[in-house]
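If you check Swiss-Prot, you get these features:
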type	residues	note
TOPO_DOM	1-70	topological domain 'Cytoplasmic'
TRANSMEM	71-91	transmembrane segment
TRANSMEM	93-113	transmembrane segment
TOPO_DOM	114-254	topological domain 'Cytoplasmic'
TRANSMEM	255-275	transmembrane segment
TOPO_DOM	276-283	topological domain 'Extracellular'
CARBOHYD	Asn279	N-linked glycosylation site
TRANSMEM	284-304	transmembrane segment
TOPO_DOM	305-732	topological domain 'Cytoplasmic'
BINDING	Asp340, Thr342, Asp676	Mg(2+) binding site
ACT_SITE	Asp340	active site, 4-aspartylphosphate intermediate
BINDING	Thr342, Glu425, Lys478, Arg523, Thr587, Gly588, Asp589, Arg651, Lys657, Asn679	ATP binding site
TRANSMEM	733-753	transmembrane segment
TOPO_DOM	754-812	topological domain 'Extracellular'
TRANSMEM	813-833	transmembrane segment
TOPO_DOM	834-900	topological domain 'Cytoplasmic'
TRANSMEM	901-921	transmembrane segment
TOPO_DOM	922-931	topological domain 'Extracellular'
TRANSMEM	932-952	transmembrane segment
TOPO_DOM	953-967	topological domain 'Cytoplasmic'
Amino acid sequence: MEGSGDKRHENLDEDGYNWHAQSVESVSKALGTNPNLGVSDGRSAELLKQHGYNELKGQAGVNPWKILLRQVSNGLTAVLVVAMVVSFAVKDYAEAGVLVIVIAFNTIVGFVQEYRAEKTMDALRKMASPSAKVIRDGSHHRISSRDVVPGDLLTFEVGDVVPADCRLIEVLNLEVDEALLTGEAVPSLKTVQPIGGKDVSIGDRTNMSYSSTTVVKGRGKAIVVSTGMSTEIGKISKAINETKTQSTPMQRKLNLMAYMLLAFALLLALIVFAVNKFNFSTEVVIYAIALSIAIIPEGLIAVITIVQALGVRRMAKQHALVRKLVALESLQAVTNICSDKTGTLTEGKMVVTNVWLPGHESEYIVAGQGYETVGDLSTSAGVAVVRSAALEDVNYRLLVECCALCNTANIVEASEGKVWGDPTEIALQVFAYKMEMGMPILRKHKELVEEFPFSSDTKRMSMVCQTESGNFLEIFTKGSEVVLSICDNVMDRTGDIHSISGDEGFLKLVSTQQEEMAKQGLRVLVLAYGQVSERSIGKPLSKWERNDAEKSLTFLGLVGIRDTPRVESEQSVRNCHRAGITVHMLTGDHKATAMSIAKEVGIIEEPHGSEIANGNEIVPLSASVMTATEFDQLTDEQVDALVDLPLVIARCTPSTKVRMIDALHRRKKFVAMTGDGVNDAPSLKKADVGIAMGAGSDVAKTSSDIVLTDNNFATIVQAIGEGRRIFSNIKKFVLHLLSTNVGQVIVLLIGLAFKDRTGTSVFPLSPVQILFLNLVTGTPPAMALGIEPASSSVMQVPPHVKGLFTVELIMDIFIFGTFIGILALASWVLVIYPFGNSDLATLCNTTANLQECSTIFRARSTVQLSFTWMILFHAYNCRHLRASLLTAEGGGASRFFSNKVLVASVFIGALLPIPTIYIGTLNTEVFKQEGITWEWIIVIVSVFVFFLLSEFYKLLKRRFIKTPYNM
């Protein structure tokens, strides 16, 4: 029989074989295996050669060289490298040395930050089970999971991690936690019968078990159908590796700007040579270098890197770990969040929330979050119920006892997460603890003497208890609606028993209540109770069968269980809406559960209609809630024709999540995806911002841009607010630095007209002065702008999706730069002509000839000081680009000293140029300037005029620009 599957083996993976739809016999035949003996050792060796090891490919560790390459392969760094090479070529070692330091600093900071973030485990490899229990040639073996092959016969028990995708052939109360794949908090109860249909979601393929899922209950035997990259985990891994990382708008704009600056720098150098009739003397070459350097913002990369690094530290304190610096920019542009439900919007823990008892006017509502063993009772109308009073009701007390005793969960410290067992049973036990009737208390008076475990056939579980008196046995039963079929009676509050045999009205009442609770997204359990004696059964307890205990029971009530929303989720969603961000929930849960949670956290209110055109047919759809099957059946054209994309997609698959993100991208939306499971990994990488939960899988973390260490959806809102703050501050210091460059270019371009006796242009600013202004004077205030606190309206305006260089920012750069350049040039002209000797002398670009160059050197000092004080004042201008500096909003008045780093950088920056002007040799030999006296008046007047021009320009902006201010 082994040989019969050889040919079929070659194409099983590629054909997308529907293993869940096949009988055990068909699967065995297709794989050439014996469902009792497994494959032989020889056959397994052949299959290993054919299919390869059961491991995931393409998951190499951190590569420092690739990280380093990313740091130096951006446009701005390329510009700095070109400038450095030219400086070395003309033997201007001071300037070249400064540029080397700047490039090295930028590279080191970026490398260290990204290397730390990327230094994570090889998550996908380590998710695989380290060993597997396999049957080969009829013998049991424990082998490495990487040696498992298609056709192998595996056995599972509680605690095992499934090593490969398998078709189940035997199960005994087998439940598997598939939350990492499906997102469902409730373990999947496994079966062996074939499941028809091609489009059955993973969560509904109950006769399959998948690689990296965990057995939480029972035992099973299965045939391996897929290994390695052919497993569902492997497909996800492949999707992750194939997803290309796109650069952000700011990256693209900065790179474009850098190459434009490089081209412009070469053009300016050409202009210098042309104006000087292509005289390549040292004086002219140095002027060309000065003009080329003037247009390059040497400090920009350093400031961006440092500000982002500070932002990373700040976000880490807020429980958001940034793995990729580009996420800081991406966050501010987010327009849509696609969120997983389990563990993200919800606690990821099953909790009893509703209890319905016959004869009561309303349900009991049970408060409390997660596994906390405290929680108040109230009616559905919100009226508080005293616990002790509720327990006086015999019916309710027995229902609580049933929750505690018909249970195998173990709770040590629920508040610390020390719980073991099936999530549903944990929820029931925690509920009993809330009523101060947990199993440890009840076991003091009642002994568990027999268990009839849950099975897929009976869909119920029963426990038999011996009371202290020993006169009778108590039977506690829980399960699905089938429990009602073995109930002959119902109990009232006083404990009296009433028959319900043939009472169709009562059965309909219970059925209606079950449906209502299910519509709320609850998993509904039926609880029942009975009293018997061994004598009445007619045989000793040790020989009892299930039917001996589970008959003629008394119906106690219904318990509703669900994965409750986090306390902060509703407010977080509301904050997102206020910030212009739409929240979508993509979950593996059923539609009713998904809709209930979405309503509770505020994602949707009531489903509203939408339509799509499909030829001549109008197909009605819900614009709020759809299943993955409904969504996937639509073509891309039909999806794009929807007025609104669904806010909730239930029974969601990994491919559906990616398709949803693609649909949002086609609508020019900027998407963040949150999640914690393996099933979220492809979409986390596909999204513009992938946000993983710290308690989630390593796969999700590896695929993400940001990891939330507190698993708190509210942290996402804080992270987006922080991203907006950082991006706003980047715009502020980009304006500050680039307007300085524009001013310098204006001074040096017009300065070409000032020629000495030999006809050589004399620069108003020397290359060292320019570097001093750009790095020493301009960079500290720019960094201070980078740590400006967020404005109060940062999360009350729509996302900024236009990128860094908006029309307004470009206009501001050139207008403020023109103000600075013209006023600085005016200082140059005033010192030389009206108040100087009007003589530009000779060789004042290269020598320190004080006898002839004194006026030129004094004029340069005046220009440098005017530049210095104007760009320092301009830092305050940049705090708010529309409000007057005289107002608190604009950074003046009460806010003038709020940014202490800015105050210090401005004060120190104003004093730093003074030594370069008055210290001998340093001033004349290095900076090509000298001390001034009366020229200080020109400096002060220049700054005052710049203030007036800035205020007038802002006044015009406030009057004529009506778009929202989001900086």
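Cβ from N, Cα, C; glycine included.
Structural mapping of features recorded in Swiss-Prot.
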residue : record                      : Cβ within 10 Å
Asn279  : N-linked glycosylation site : 15
Asp340  : Mg(2+) binding site         : 32
Thr342  : Mg(2+) binding site         : 25
Lys478  : ATP binding site            : 25
Thr587  : ATP binding site            : 30
Asp589  : ATP binding site            : 27
Lys657  : ATP binding site            : 28
Asp676  : Mg(2+) binding site         : 29
Exercise. Looking at 255-275, 284-304, 932-952, which one has the highest count of Cβ pairs under 8 angstroms to the transmembrane segment (733-753)?
Worked result: 284-304
Problem set entry | Cα-proximity to Thr587 (ATP binding site), 10 Å cut-off, over recorded positions Asn279, Asp340, Thr342, Asp676 | Asp340, Thr342
Seminar exercise, completed: Among the recorded positions listed as Asn279, Lys478, Asp589, Lys657, the Cα nearest the Cα of Thr342 (Mg(2+) binding site) belongs to Asp589
Exercise. How does the model score the topological domain 'Cytoplasmic' (834-900) in terms of mean pLDDT?
Worked result: 82
For this session: Provide the three-state DSSP residue tally for the topological domain 'Cytoplasmic' (834-900): helix first, then strand, then coil.
Result: 32 helix, 0 strand, 35 coil
Problem set entry | Distance, Asp676 (Mg(2+) binding site) to Asn279 (N-linked glycosylation site) (CA atoms, angstrom) | 66
Problem set entry | Folded-back contacts onto the topological domain 'Extracellular' (922-931), same chain, C-beta under 8 angstroms, at least six residues removed | 94, 766, 768-769, 772, 844-845, 848, 850, 854, 857-858, 860-861, 864, 915-916
Problem set entry | Secondary structure content of the topological domain 'Extracellular' (754-812), with strand meaning DSSP E or B | 25 helix, 2 strand, 32 coil
Seminar exercise, completed: What DSSP gives for Lys478 (ATP binding site), in three states, is strand
Seminar exercise, completed: Its residues classified by DSSP, the topological domain 'Extracellular' (922-931) shows 5 helix, 0 strand, 5 coil
Exercise. Rounded to a whole number, how many Å is the Cα of Lys478 (ATP binding site) away from the Cα of Asp340 (Mg(2+) binding site)?
Worked result: 30
